[in-house]
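Look at Swiss-Prot and you will find 16, 17, 18, 19, 121, 524, 525, 570, 614 tagged as 5-methyltetrahydropteroyltri-L-glutamate binding site, backed by sequence analysis. Here Swiss-Prot flags 440, 441, 442, 493, 608 as L-homocysteine binding site, drawing on sequence analysis. The L-methionine binding site annotation in Swiss-Prot covers 440, 441, 442, 493, 608. Taken from Swiss-Prot, the feature Zn(2+) binding site applies to 650, 652, 674, 735, supported by sequence analysis. The feature active site, proton donor is assigned by Swiss-Prot to 703, with sequence analysis given as support.
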């Protein structure tokens, strides 16, 4: 019999219940007990949703981040929070969110002067994790309480529980040695803690534990590869059986290593590594199970079940009961339930599957394998009909878009003159001071903004009323910026629910869900648009709002656009053509908008590419191909303007030392980047690479409620000036201010502007 299991389930709830519970608690509007009760309710519901599986994951739920939870389980707390003796959950929030000392209050979630932990992307996804912190003296001590509590909850509900933990090698690989020490030297200290944790699982009656080692799909150097055998030799004596899980890519040169580790089962991503399955099946021990991830855990398209069965049936004949099937990775990256969607176009809806529907697909495959296709004949027929409907749909294919793609040539990506000539013209046109100040684009999404948008979408407010409400917010944002003394202003993006969804809603080839939310970090959720067909722009998308904002001020107003690479990487993308083709289609659409903004008199245009690095393949050997079409797409979008028009781009969480040459090839006049959480370490890239254009290193972390100190901003900019000539530096936050409150934004920007004025005095 084929065994079914899941690697992880979305934790936010079908209607973002976790998000709202967290934010209510952080505001002091609910108790810790109430927050924990919401968590327990979500876990119970999600286990019930997975009751049809042979094994359900336990420990995949986290109030903020699973890597942060693993740090606490291993007793690896940053030094700055070790003196806190309150509830562990509040301490985790201290690490995740930070807190400025003068922002402290008596609420239990208050964090008292604590810097937020560094946050970065989880492999090549749009999920963020809190980076574990190490140094030479790091010690580990087990705290299994969170996992044991969830196991007891699951057992009380009758769940066949499979605890999920991050493996020791991946955990060290994900972290950062603050003193530059060798992280691998910590492995001997870490392994006894893992062994003790496995013994706790045995004592709880656990049969299988899932240990995630996704680092095995990356290009590891010899030292990291060599760490696996002693690590798993040290854990092999435990009585609980271990399923080693890899996902997000192919094993390649690590395949033989993975197959030889002393574990009881191996999971591989059969979406990205299908060609390796036969080799893995031949190499794993005859006593080991092989779990194949046959349902795509990172996209929203229905699985072609007939094709999947045709591939699985021979494998099942070979492996028999040793075959397990699962999604390719945790369903954390998938929306929860397609059945919540009431407004989706019926045809397009028939092509989709969210997390719960993916589990339906999984159990249907198992039924067909265990009992024969005849028992699910009707379901297979319906699936085949949906697959063919999508393949042949005229809504997917647009001849005019394909013709425009065919006409692309190198000239579309070229500015008239090189940066030095452009910079001189832009300086004359904009007349900005030294260390010019700006923000990244968005300002707080207030309750009034959200209410107006909700009423407009519900038909309770007509467009005239909605437009008036948005113009009121834009006017406020402009006035606040003028009062603060910022140099290049933004309109604040009041009209935008999300930096990708906003554009997708206005592009042909996209469709939108109501409840297709996925977690980005903490309480931050995003609702990626669904790119289902060829992309085109029917009409201007932003010009009206930017022109209104520009009319409110004599200062330069930035046009704000999301770049083609980021729109692509933050969408659920069609899987019937190369991503590069979809990206070029997006580039042509954004190019049209850029030219319309310039025609309307906008002289500073920002094209955000926050997710450029996120799209990098996990293997460096595959980077060049991606970077070539990603940079080309940006240049197509940006480079049709006159020399006097200044093009900005923004990148967040982008450790870009290793792609700095490609970023320079984008040829944006100004790039703004996230550097505050890493204390300007990202600027190390400029020690060895002469970046030719202007740069704005983010001087404070907008993901934390901390208010930046003026002197600290000055110090950060002085560090930046050691690498970048002062005349090419901008002063800005590290990201948009959408998630902050005005009460936090105004003092933060006030200190930032004051710091810039201090810096000008020294020029």
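Quick reminder: no glycine exception, Cβ is built from N, Cα and C everywhere.
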Checklist entry - Within the chain of residue 493 (L-homocysteine binding site), which residues six or more apart in sequence place their C-beta under 8 angstroms from its C-beta? => result 441, 442, 443, 499, 502, 560, 736, 738
Checklist outcome for this item: Among 121, 525, 614, 703, i.e. the recorded positions, the one with its Cα nearest that of residue 735 (Zn(2+) binding site) is 703
Item to check | Distance [Cα-Cα, Å, rounded] between residue 440 (L-homocysteine binding site) and residue 650 (Zn(2+) binding site) | outcome: 7
Checklist outcome for this item: If you count the other CB atoms within 10 A of the CB of residue 16 (5-methyltetrahydropteroyltri-L-glutamate binding site), including all protein chains displayed, you should get 18
Checklist entry - Cβ distance under 8 Å to residue 650 (Zn(2+) binding site), same chain, sequence separation 6 or more: which residues? => result 440, 441, 606, 608, 609, 610, 671, 672, 673, 735
Checklist entry - Cβ within 8 Å of the L-homocysteine site's Cβ centroid: which residues qualify beyond 440, 441, 442, 493, 608? => result 439, 490, 499, 560, 606, 650, 735, 736, 738
Item to check | residue 440 (L-homocysteine binding site): secondary structure state under DSSP, collapsed to three categories | outcome: coil
Next on the checklist: By the count of other Cβ atoms within 10 Å, pick out the sparsest of the binding-site residues 614, 674.
Outcome noted: 614
Item to check | Other C-beta atoms that fall within 10 angstroms of the C-beta of residue 608 (L-homocysteine binding site) | outcome: 25
